[in-house]
Amino acid sequence: MGNSEVGHNALGAGRIFAQGAKLVDLALASGKIYEGEGFKYISESFEKGTLHLIGLLSDGGVHSRLDQLQLLLKGSSEHGAKRIRVHFLTDGRDVSDGSSVGFVETIENDLANLREKGVDARIASGGGRMYVTMDRYENDWDVVKRGWDAQVLGEAPHKFTNAVEAVKKLREIANDQYLPPFVIVDEHNKAVGPIVDGDAVVTFNFRADRMVMLAKALEYQDFDKFDRVRFPKIRYAGMLQYDGELKLPSHYLVSPPEIDRTSDEYLVYNGICTFACSETVKFGHVTFFWNGNRSGYFNPELEKYVEIPSDIGISFNLQPKMKALEIGERARDAILSHKFDQVRVNIANGDMVGHTGDIQATIVACKAADEAVKMILDAIEQVGGIYVVTADHGNAEDMVKRDKCGQPLYDKNGQLQILTSHTCHPVPIAIGGPGLAPGVRFRNDVPDGGLANVAATIMNLHGFVAPNDYEPTLIQVVDN
């Protein structure tokens, strides 16, 4: 299934790298995860402190995977963890809404098995990923604060003695993505797992973007995004390092992939002026992920990045146009300025509104995206340029669950079962514009072409030959 971050890595780097999930799988399978500096660092808290595991409880494989959490629970207990607390975020975005109950039941069973072996292991808190903890690009710090209050302070508007009961009850007022925060309490109504001095914390998501903000709150001494109330002295490690430029977190269990020699670095080195723009929720994709998980400019004299603030505090289906038109306007102006050789944008709303499951709102979103694309293509026409239009994955093109024959699925009430996750469909690519040489055609000898082939293609359009180890270009010049 498509993934935005991995997709933009491939688009920008021109090659396919072993990514977070694969790296974690290998480290867990070999046991090397327990031999590394990161695990040794957190294990120094095991004798007297609690190991807290925070992340997305899901088998979607986009941000995290349930089986990896299960292996980490087992391995940590075998390597000295005597007291473990799980703080989970429910999904409903990369997997079916309602699947949270089954995931919680699975983890509860695993924790019960650990308790039989003498490990004090329990669920401590929970909440929905879009409402608790997992914000990104500093879009809404209140999301992180709600998680902090539950996970660190042990405070939340809802208290339960059982996590399965908590999820079932709260699903009466919200779907998996937006479950309000809750804490698990004991018979004295006291939270069973706040994070305190001397504890160890691991954020077990392998994907970076929705863990960076929490990582800052857990690690930075100087922090002013919200009142943390208290800042416990802990040993914190990420599953991976989430931001190589910021060195955040400073400790991690698995080393991230080293992505070098990206296409943008190559083009900028050769004097190509580039402009990148999106709104907050996808800004990191056309910059950080495109550039191989690297923050900042390669050459600020030749590059300009523009971030348009996304709407905050609302579900995106309430403002489905999002910032599509503003992105289109900025791209149009950049093209017409004649200052840039390449303009790249990510129009986010087809994906972000598609994730809400609101079909009518997604139609509005797609119409706005179409309007933005037309604005850009009209500008390309005016300057005699070339356009490349593609996507990193599907979403809005199919929003219902289907059986093996492709027929829509209905629930017991006869209502269509809505799909909120990315799709597995191939994505299209279109190349054209008045600046395209008449003989340029798609090659017919790259039958398995994918996102990683786009970088070499763009290099060709700029007049360069891609490095030999890049995936091959999708185009050729045919004599008329």
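Each Cβ is built from the backbone N, Cα and C atoms, and glycine gets one as well.
The Mn(2+) 1 site recorded in TrEMBL comprises Asp351, His355 together with one of His338, His422, namely His422.
For Ser4 (active site, phosphoserine intermediate), applying a Cβ distance below 8 Å and a minimum sequence separation of six or more within one chain yields Lys282, His285, Phe289, Asp351, Asp392, His393.
Taking the C-alpha atom of His422 (Mn(2+) 1 binding site) as reference, the shortest distance to any of the binding-site residues His63, Asp94, Arg136, Ala208, Arg210 belongs to Asp94. Here the CA atom of His355 (Mn(2+) 1 binding site) lies 15 Å from the CA atom of Arg210 (substrate binding site).
For His355 (Mn(2+) 1 binding site), the nearest neighbour among the listed binding-site residues (His63, Asp94, Arg136, Ala208), judged by C-alpha distance, is Asp94. Counting only same-chain residues at least 6 apart in sequence, those with a Cβ under 8 Å from the Cβ of His63 (substrate binding site) are Gly55, Leu56, Asp94, Arg129, Met134, Asn205, Phe206, Arg207, Arg210. In sequence order, Ser4, Arg93, Gly350, Met352, Gly354, His393, Asn395, Ala396, Thr420, Ser421 are the residues of the same chain, not among Asp351, His355, His422, whose CB sits within 8 A of the CB centroid for the Mn(2+) 1 site. With a 10 A radius on its CB, Asp351 (Mn(2+) 1 binding site) counts 25 other CB atoms from all the protein chains.
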